[in-house]
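Worksheet: one structure, shown below.
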Amino acid sequence: MARLLTSSSALRWGAVSSSQSVGRAYSSGSPDTEYVQRSIVPTMHFQKSLPRLPIPKLEDTIKRYLNAQRPLLDDVQFKKTEQLALNFQNGVGKQLHEELVQQDKQNKHTSYISGPWFDMYLCARESIVLNFNPFISFTPDPRPDYNRQLIRATNMTVSAMRFLKTMRAGYLEPEIFHLNPAKSDTLTFRKLIRFVPSSLSWYGAYMVNAYPLDMSQYFRLFNGTRIPKPNRDELWTDEKGRHLLVLRKGNFYVFDVIDKDGNIVKASEIQAHLQHILSDTTPAPEFPLGYLTSEERNTWAVLRQKLLNNGNQEALAKVDSAVFCLCLDDFPVEDRVSLSHNMLHGSGLNRWFDKSFSIIMTEDGTAAVNFEHSWGDGVAVLRFQNEVFKDSTQRPAISPESCSAPVDSSKAVQRLHFNLDDSLKAAIANAKEKFDTSVNALSIATMEFKKGGKELLKTQKLSPDAVSQLSFQMAFLRQYGKTTATYESCSTAAFKHGRTETVRPASIYTKKCSEAFVMHPSKHSPAELRSMLQDCSKYHGQLTKEAAMGQGFDRHLFALRYLASSKGLSLPEIYQDASYAQINHNVLSTSTLTSPAVQLGGFAPVVPDGFGVGYGVHDDWIGCNVSSYQTRDVRQFVECVHQSLDDIFTVLQDKPIK
């Protein structure tokens, strides 16, 4: 599964540009209290002229697929897989590919992967908790007083509404990846490009090495939810909703944050309403409704219908149409592991996992976004976090000295009541039991390597992302004695309706290098080991560039399989091969994220015997946040990652590995 958005090299399109925007000056003058910025270039200015996601040549896809299979298979297995792949290329695969190309030509408004990818997410019947929803936590406000729960919750809510208004008014700066910022990330460029018609604007940006990114996912950020339905869920958005949903102790509250004229409600009133909720002594409900959103999706679909039939239509409509969900937890965070557990799943009592996103805030003001993954890949979420962090810390709506407005919050704030019959109560108790069992099986460990980071690696002409990925390969080999299927998500937002492509970090180069470092370090000089590091870095850079340009193999093979299935054809043999199942059983699922607004990100493993590896390469350190279930030892794995990085940085000092 594509999890968090990758951002570690110059060709990790989405997050790089987003993280640049954190420190970027506003585009035209100072924004007023209703907006985070007022871009002179309309938000969707480039959308119409974005290039289309290319469908790779079938022979390139098969070649890349076999290259990725090589380190995972012995000679006999590889020969069989190679034969099946070539048969596919010259037989049914060729016909399917030609049909896919024709379909794509008839659907120029979108990409060939968009529909199948939505289906993949929305048809999945597993719980979205752990299996799909990731979290990204905010960096603390640099001023401790502003991290008080009421202060930060108020400021983030106001900044979130400023972002909503900015986006809907078309004042949000278009998302652009600047290869030459000195030339294109300038007021002069913006003044010129705004007059280029939308049908040509992308080409104008391209001329100065600037790459506008797809922003089609952004509209689903607010007022949205995933609605459980039999066999395939639906995404639902109602932009008319003006209220915020707040959860505290499993109770649901709503109040307006946008007034009837479309203005943001005064910050002092929002503060008063949140204070009212924080002071409410209503106990946690005996049967907290939020657990139902963690259910298997067909089960939840039946139960939701039962809720509607029980007279809860109005209350559920309020939940679904809220601008977003704010979860106020009544305990502090102890450390990064407890932070990760709480933001990824929590106790389940105080969550509604179906909303497009929730801001979760603990008693000490630690905040994170937990988001539903089907509607987007983190591109919009990361931009939202960057802008909200910047706005709430640089232009906070209230200060610790601010007084709440003298308003009657008991009238403005509505606590939602749900009618539950005995069968619904039993279903909630059952959902809670399943939820507790699944989250109790999850372990998380974090690691910080302090001997170097991005800056040192760049002086050595090594890709920081390649080195991180290599450390995971070495760690797995050290712990389990073999190379395993590895997935790294890479955004294809450089294309219209692009989603993600997979980088396959396990290669013949990483296998050779890992074996040399882990099994036979004394047989190789530091110079020989350094040469292997360079080979790994070069090849990883090539894979990353190909993926970002839509030239991986995973999405193409996925789309061809989807097409065969939709035509009712028998499954081609390439997909029945045990090696195909193995490479898609992603034991190492990895995703990287680096931004000044982000403290930590994480997700659960995508297979029962896997690791979920969130990582970040910073200027002078490397960190990772890893999850696993009980079949794997996650603490030992992060120790092995640390050992691997230690060995790599030792070699970079031209010293032998001890």
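Cβ atoms are placed via backbone N, Cα and C, with glycine included.
Record features (Swiss-Prot):
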ACT_SITE  His373  active site, proton acceptor
BINDING   Gly453, Lys454, Glu455, Leu456, Leu457, Lys458, Thr459, Gln460, Lys461, Leu462, Ser463, Pro464, Asp465  CoA binding site
BINDING   Tyr487, Ser489, Thr500  (R)-carnitine binding site
INTRAMEM  180-209  intramembrane segment
TOPO_DOM  27-179  topological domain 'Mitochondrial matrix'
TOPO_DOM  210-658  topological domain 'Mitochondrial matrix'
TRANSIT   1-26  transit peptide
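Feature map: annotations from Swiss-Prot on the structure.
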residue: His373; record: active site, proton acceptor; CB count, 10 Å: 21
residue: Gly453; record: CoA binding site; CB count, 10 Å: 23
residue: Glu455; record: CoA binding site; CB count, 10 Å: 12
residue: Leu457; record: CoA binding site; CB count, 10 Å: 23
residue: Thr459; record: CoA binding site; CB count, 10 Å: 10
residue: Ser463; record: CoA binding site; CB count, 10 Å: 25
residue: Asp465; record: CoA binding site; CB count, 10 Å: 28
residue: Tyr487; record: (R)-carnitine binding site; CB count, 10 Å: 25
residue: Ser489; record: (R)-carnitine binding site; CB count, 10 Å: 23
residue: Thr500; record: (R)-carnitine binding site; CB count, 10 Å: 28
Measure from the Cβ of Lys461 (CoA binding site) and count the other Cβ atoms within 10 Å, all protein chains considered.
10
How many whole Å apart are the CA atoms of His373 (active site, proton acceptor) and Gly453 (CoA binding site)?
30
Let me know the largest Cα to Cα distance in Å among the CoA-binding residues Gly453, Lys454, Glu455, Leu456, Leu457, Lys458, Thr459, Gln460, Lys461, Leu462, Ser463, Pro464, Asp465, as an integer.
14
Other residues, Cβ within 8 Å of Gly453, Lys454, Glu455, Leu456, Leu457, Lys458, Thr459, Gln460, Lys461, Leu462, Ser463, Pro464, Asp465 Cβ centroid (CoA site):
Gly452, Val467, Val617
Proximal residue to Thr500 ((R)-carnitine binding site) among binding-site residues Glu455, Thr459, Ser463, Asp465 (C-alpha distance):
Asp465
Mean of the pLDDT scores, which run from 0 to 100, over the topological domain 'Mitochondrial matrix' (27-179):
95
Three-class DSSP secondary structure - Ser463 (CoA binding site):
coil
May I ask for the distance between Ser489 ((R)-carnitine binding site) and Lys461 (CoA binding site), taken between their Cα atoms and rounded to an integer number of Å?
23
I need the CA-to-CA distance for Tyr487 ((R)-carnitine binding site) versus Ser463 (CoA binding site), whole Å please.
18
